[in-house]
Amino acid sequence: VSTMNAKTSSRGEEEASGMRNETLGEAKRGQVIRVAYVIAALDLTFLFMQMGVMPYLAKSLDLDSVGFGYLQTIFGVLQLVGGYIFGRFADQFGARAALILSCVSGSIFFLLMSLSTSIPLLFLSRLPGVFMHGIPGAQKVITDMTTSSQRAGALGKLGFCFGVGIIAGSALGGVLSTKFGIYVPTYVGLVGSLINTLIAMVYIPSQTKPESDHHVTDHSTSQSGSLFSIREILRLMKFPGVMEVFIVKVLAGLPIGLFMIMFSIISMDFFGLEAVESGYLMSYIGVLQMVVQGLVVGKLSSRCTEMTLLRLSVFVFAGVGLGMALMRTVWHYCMIAVPLVFAFSMLATITDSILTKAVPSSDTGAMLGICASVQPLTRTVGPTIGGVLYKQFGVSSFGYLQLMVNLGLFVFLLKSKIPLGEMKS
């Protein structure tokens with residue numbers, strides 16, 4: 001019965017999505033989605049800019065490596081807690097309000113950073129991070145304004161924004177801090193976040209869902225009006241296939257997430273890279289991200305079913321694990337990075353698309369918020385687990401863990417019949 005309900009809901013969403021032409025014209029919807037991409041790209045640029053500057057700012061305030069670890073952990077915990085709350089806020093007040101909240105929080109974040117002349121103020125600047133969720137906000141806009149068949153391709157293009165953010169943010173942060181001072185990137189981030197706020201206020205409509213969705217929202221399956229509810233999370237996980245796909249999403253990317261958290265240390269100790277060379281490597285990853293998300297993911301999602309692509313991404317991840325276990329030089333990593341970026345991008349896009357289709361349209365924000373909490377969870381537990389793996393077993397341990405976990409998940413996906421109303425994207 002639950003499977004039939006899911007299929008009926010999927011058909012209903014497709015019909016409701018088709019009515020969007022009556023609410024917003026095709027050209028208008030395309031413009032709003034492009035604005036969401038711009039907001040996401042700017043948000044990520046400012047985020048990566050501060051990530052590059054933060055270690056130097058902390059060092060200038062005499063914060064040691066242990067204290068810096070605490071600083072990163074606090075930010076991860078805040079993002080972890082805030083992801084679901086932000087999603088629920090988007091469901092209850094709309095994608096536009098959620099994006100404005102994220103941009104305003106970013107403005108306060110950079111304002112406090114620019115005033116951080118002591119360690120307590122630096123820790124205080126992390127607090128607005130609880131509502132800094134530009135990507136989930138953009139995903140919410142795209143989810144509301146696309147049909148189910150368009151969703152995977154549209155969400156995939158956000159990866160292009162991610163690549164732009166890595167390249168522009170890393171370069172901008174380095175140039176500004178070197179030539180003009182350590183606090184200048186925070187001033188740029190403050191002004192940029194305020195501009196992002198104005199863009200969201202002017203160009204994102206107050207209602208991004210179709211009219212039919214507004215009528216059913218009052219009768220949705222949501223049973224709690226609060227912004228944070230464990231009962232609501234468990235309710236979403238009970239929809240057909242949601243728990244299985246979410247577990248795959250978390251576990252498949254966990255080993256590589258641990259590796260990336262330790263990458264700054266690995267790049268120095270294992271690859272022997274200088275700071276400039278490490279920056280070039282990050283730019284290379286950013287270019288790969290742009291190419292894969294902009295050209296590959298969308299085309300594959302239009303030709304293959306989402307479950308096929310999910311299995312493919314997990315299988316490629318297993319191969320990446322084997323490559324990581326055997327790599328010895330930075331050139332090996334550059335070769336491995338191609339399938340790594342493909343699998344990472346495909347897994348993120350396809351699981352987000354599947355999960356938002358598996359729940360009612362009134363709960364897509366909460367579902368995206370839960371998905372957005374995966375990376376903060378990894379950043380929270382990652383430094384401890386990753387540090388132990390690297391110190392005790394070396395770089396190859398990340399590869400072997402990646403290989404074993406994803407081979408197990410691939411077998412699980414082949415044998416299990418996940419009850420989703422599967423369709424071609």
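Including glycine, each Cβ sits where the backbone N, Cα and C put it.
According to TrEMBL, the feature domain 'Major facilitator superfamily (MFS) profile' maps to 29-420. Regional average pLDDT for the domain 'Major facilitator superfamily (MFS) profile' (29-420) in the model is 83.
According to TrEMBL, the feature region 'Disordered' maps to 1-21.
Beyond the ends of the transmembrane segment (35-57), by six or more residues, the same chain brings 68, 71, 99, 102-103, 106, 110, 113, 116, 122, 132, 134-135, 137-138, 141-142, 157-158, 160-162, 164-166, 168-170, 172-174, 176-177, 182-183, 185-186, 188-189, 192-193, 195-196, 199-200, 203-204, 279 to within a C-beta distance below 8 angstroms of the stretch. What TrEMBL lists as transmembrane segment is 35-57 (among others).
The annotation transmembrane segment is assigned in TrEMBL to 69-86 (among others).
The annotation transmembrane segment is assigned in TrEMBL to 93-113 (among others). Remote same-chain residues near the transmembrane segment (93-113) are listed as 36, 39, 43, 46, 50, 57, 86, 121-122, 124-134, 136-138, 140-141, 144, 183, 186-187, 189-190, 193-194, 196-197, 200-201, 204-209, 365 (criterion: CB distance under 8 Å, separation of at least six residues from the stretch ends).
Positions annotated as transmembrane segment by TrEMBL: 158-176 (among others). Tertiary proximity for the transmembrane segment (158-176) is limited to same-chain residues at least six positions away from its ends with a CB under 8 Å from its CB atoms, namely 37, 40-41, 43-53, 135, 138-139, 142, 184-185, 188, 279, 282-283, 285-294, 297, 345, 348-349.
According to TrEMBL, the transmembrane segment annotation covers 182-204 (among others). Residues 31-32, 35-36, 38-39, 42-43, 45-46, 49-50, 52-53, 56-57, 60, 95-96, 99-100, 103-104, 106-107, 109-111, 113-114, 134, 141, 172-173, 176 of the same chain lie 6 or more positions beyond the ends of the transmembrane segment (182-204) yet place their CB under 8 Å from a CB of it.
As annotated by TrEMBL, transmembrane segment applies to 245-266 (among others).
Annotated transmembrane segment per TrEMBL: 278-297 (among others), in sequence order.
Among the features that TrEMBL reports, transmembrane segment is placed at 309-330 (among others).
Annotation source TrEMBL lists transmembrane segment at 336-355 (among others).
Look at TrEMBL and you will find 395-414 (among others) tagged as transmembrane segment.
Away from its own ends, the transmembrane segment (336-355) comes close to residues 139, 151-152, 155-156, 158-159, 241-242, 245-246, 248-249, 252-253, 256, 284-285, 288-289, 292-293, 296-297, 300-301, 306-307, 309-310, 312-314, 316-317, 319-320, 323-324, 327, 367-368, 371, 420, 425 of its chain (Cβ-Cβ under 8 Å, at least six residues beyond either end).
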